[in-house]
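Here's what TrEMBL has on this protein:
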type	residues	note
DOMAIN	B:519-547	domain '4Fe-4S ferredoxin-type'
BINDING	B:CYS528, B:CYS531, B:CYS534, B:CYS567	[4Fe-4S] cluster 1 binding site
BINDING	B:CYS539, B:CYS557, B:CYS560, B:CYS563	[4Fe-4S] cluster 2 binding site
DOMAIN	B:548-576	domain '4Fe-4S ferredoxin-type'
Amino acid sequence: MSNDTKTVLLSGVGGQGAILAADILSRVAMACGQDVKLSEIHGMAQRGGAVTTVVRLGDSVASMVADKGSVDYLVSFEKVEALRNIEFLKDGGALLVNDEFIKPLPVATGAVQAPSGVVESLEQAGAVLVPAEALAKEAGSVKAVNVVLLGALSTKLSYDEATWLSVIESRVPAKFKDVNIAAFKLGRKFVEECSA
Amino acid sequence: MELISGNEAIARGAWEAGATIGVAYPGTPSTETMETFAKQPGVYAEWCPNEKVAVEVGLGACAAGRRVLSSMKHVGVNVAADPLFTAAYTGVNGGFVILAADDPGMHSSQNEQDSRFYARAAHIPMFDPADSSEALAFTKNAFEVSERFDMPCMIRSTVRVSHTKCPVELGERVEVEPKPYAKDAEKWVMMPAYAKPRRVSLDARVAAVTEYAETCEFNRIERNEGAIGVICCGATYQHVREALPQADILKLGMSWPLPPKKICEFAASVENVYVIEEGSDYLSEGVRALGVQLSEPEGTLCPDGELTPGAIAVAFGAQAPEHAEMRDDLPGRPPALCPGCPHRLVFRELSRMKAIVTGDIGCYTLGALAPLSAMDTCVDMGASISMSHGFELGLQGREHKPVVAVIGDSTFAHSGITSLLNTVYNRGAGIVCILDNRTTAMTGHQGNPVNGITLQHRESRELDLPGLVRALGVEDVAVVNPMDLKATRAALKAAAQNADELSVIIFCSPCVLLSKTHEAALVVSSDCRACGACTLIGCPAISRDEDGKAHIDANLCVGCEQCSQTCAFGCIGKAE
């Protein structure tokens, strides 16, 4: 039934564009004939707090939530959030992380120390660190970090590039189309070269 | 196939069923339902000040012969409960369907409530979809059931249905002529002489709809190995399907009334029967009451929070999968008031005053968190003002810090007005701060009676908020710009000195997210003395570097100049 179902967990900080990324991913899966469930959390959690979005893909998807140790692909828009959600990653799952640290408010005010050795912990967990902000800037807008990370994720999934590109084109405003296409390609190329 | 959320599907189902009127108060996780419905062609939809008003408007429109959709979050059902219970007696003319969106896990709510208890208590048939496709189909059908059995119907969703998107096959709209209205006092005037026979009628209607539940296609049995039988409904069904692929399932699409024969037959057809549900024991109680012996899994399923497939599998003896452990030294990342939020300095000043602050429901509840830490209570919509009056009474005769109620504009319109009226009427004292940010911000910037913006952008009028407060009988009313620290401090100080009187301060400044353009980011000069005063306002754009000096993140800063007013040394300002 749903044992072919793959689980993608997108983690980050409210306002980073994870919901649009999840929407594009879901539509790519649908365009490739798959069933999909996309579960997101709204409301108070969005005010700069930690957020997660789950996308489940397969022939017939049942549940819409992720359990600890069940996520095939953890894509984190921020480094500390990657570590916060590491328990969800399946043994042997892929970990793609935007190489960016966003200070949580307790750290910013000095109430709590920033954690040390974040990159070491991520590397130990087998993370691919993606310089998504730099690549997004290169593509033309720092706001395209989400689509850079989709490009990175696309290397782990079997959907063809043309479907990705056509869905991205249909889901972003026309004037940002080129930026997002470039962002996707840069993210994809970065991971391909890492694993080459 | 369209990728739509449960909320969008409910709106679509109502539209396809020919509903022409929608009434709601926004509340997570229900809000998008009415927003989506309002965008459909050929419908009228409005935001109401609260859920009680919405259900009453809806009941009127349905009595007049229209099909009506109303939507609310679970705690909104508490507010609407008064008309709902009697609406079951009156019944309907046009179909009337009400969404109750529950929030197990409290992602954006003050409690977990299981709205299925309301259906049972109020005698309102309830449909309990498990995904967007069912949400559409069940809502469409609920209008038929409502008219056929002369009862309002409820749709119950949870956050995982409302906010999960999945592919849905859309249908066509059926245009439904409004039913004629004919005066019928015995049906609609619920005074004892007429309500008593309606109670008898209600019992007959409940019996009829219970018969319907026995054959309703939404209550279906999925046959399997016959060893484990599970009765479940809503999103939990999806978790069960994944966790226990060998199980026979009685999937209840109607969570009230339950179909007794179907449940008993299912129970008899499997070796062991379980009820799996989250949040409460509503369903297991109902099944046990039919005389069914329920089995319990070996492991426990937590009553609080949300269920997951993993939790169910482990309760039934599976091994939890291996996974890496989370580091235990990670800093938390709580949500915070946005950079430029007009509420921030009010809370900073209340914190300085060490005031007893009775809070309320909205973005500004975040004033409770460090470093502002300026809230003592938060319970329900409007409670800030009534609880502050209670604090004043309870502390009478004892020396105490100023008692300050803090309430947003939309929440004030929802339930604060009657509370303020009570304080005036009973000659209460204290300070009431109405944080008027010109919108219902928390749920995504809906219009409300204070700003006068309506759901479908029909012409309306802004409320004269100070005029209303004066008309209620408050003599000390001030309107203050909360972006001005000195004015904010002075207003609160003056009100605190006037301790024996009731003072209302309207802090009026629009939500920062309403503006698309912002001032340039501020910068900290090299003269910063590392005192940390600016970080006490809890702005996400301000942090301290290793030697304690302030730093402003140019990507987050909106140049609001709140922080610069807190710097005694004038070290924060615009870039040269």
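Easy rule for this one: first residue shown is 1, then count along the chain.
Cβ from N, Cα, C; glycine included.
Overlay of TrEMBL feature records on the structure.
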residue  : record                          : DSSP (3 states)
B:CYS528 : [4Fe-4S] cluster 1 binding site : coil
B:CYS534 : [4Fe-4S] cluster 1 binding site : helix
B:CYS539 : [4Fe-4S] cluster 2 binding site : coil
B:CYS557 : [4Fe-4S] cluster 2 binding site : coil
B:CYS563 : [4Fe-4S] cluster 2 binding site : helix
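Listed binding-site residues: B:CYS528, B:CYS531, B:CYS557, B:CYS560, B:CYS563; maximum Cβ neighbour count within 10 Å falls on B:CYS563. For the domain '4Fe-4S ferredoxin-type' (B:519-547), same-chain residues at least 6 beyond its ends with a Cβ under 8 Å from one of its own Cβ atoms are 336-339, 344-345, 347-348, 351, 369-372, 553-564, 566-569, 571-575. The two recorded residues, B:CYS563 ([4Fe-4S] cluster 2 binding site) and B:CYS528 ([4Fe-4S] cluster 1 binding site), have Cα atoms 13 Å apart. Ranking the binding-site residues B:CYS534, B:CYS539, B:CYS567 by how many other Cβ atoms lie within 10 angstroms of each Cβ puts B:CYS567 at the bottom.
Looking only at the binding-site residues B:CYS539, B:CYS557, B:CYS560, the one with its C-alpha closest to B:CYS531 ([4Fe-4S] cluster 1 binding site) is B:CYS539.
The residues near the [4Fe-4S] cluster 2 site, meaning same-chain residues not in B:CYS539, B:CYS557, B:CYS560, B:CYS563 whose C-beta sits within 8 angstroms of the mean position of the site's C-beta atoms, are B:PRO339, B:GLY340, B:LEU522, B:ILE537, B:ALA541, B:ILE542, B:ILE552, B:VAL558, B:GLY559, B:GLU561, B:GLN562, in sequence order.
When the binding-site residues B:CYS528, B:CYS534, B:CYS567 are compared by Cα distance to B:CYS557 ([4Fe-4S] cluster 2 binding site), the shortest distance belongs to B:CYS534. On the 0 to 100 pLDDT scale, the domain '4Fe-4S ferredoxin-type' (B:548-576) averages 95 in this prediction. Residues B:CYS528, B:CYS531, B:CYS534, B:CYS567 make up the record's [4Fe-4S] cluster 1 site, and a Cβ search at 8 Å around their centroid adds B:VAL524, B:ARG529, B:ALA530, B:GLY532, B:ALA533, B:ALA550, B:CYS563, B:THR566, B:ALA568, B:PHE569, B:CYS571, B:ILE572 from the same chain.
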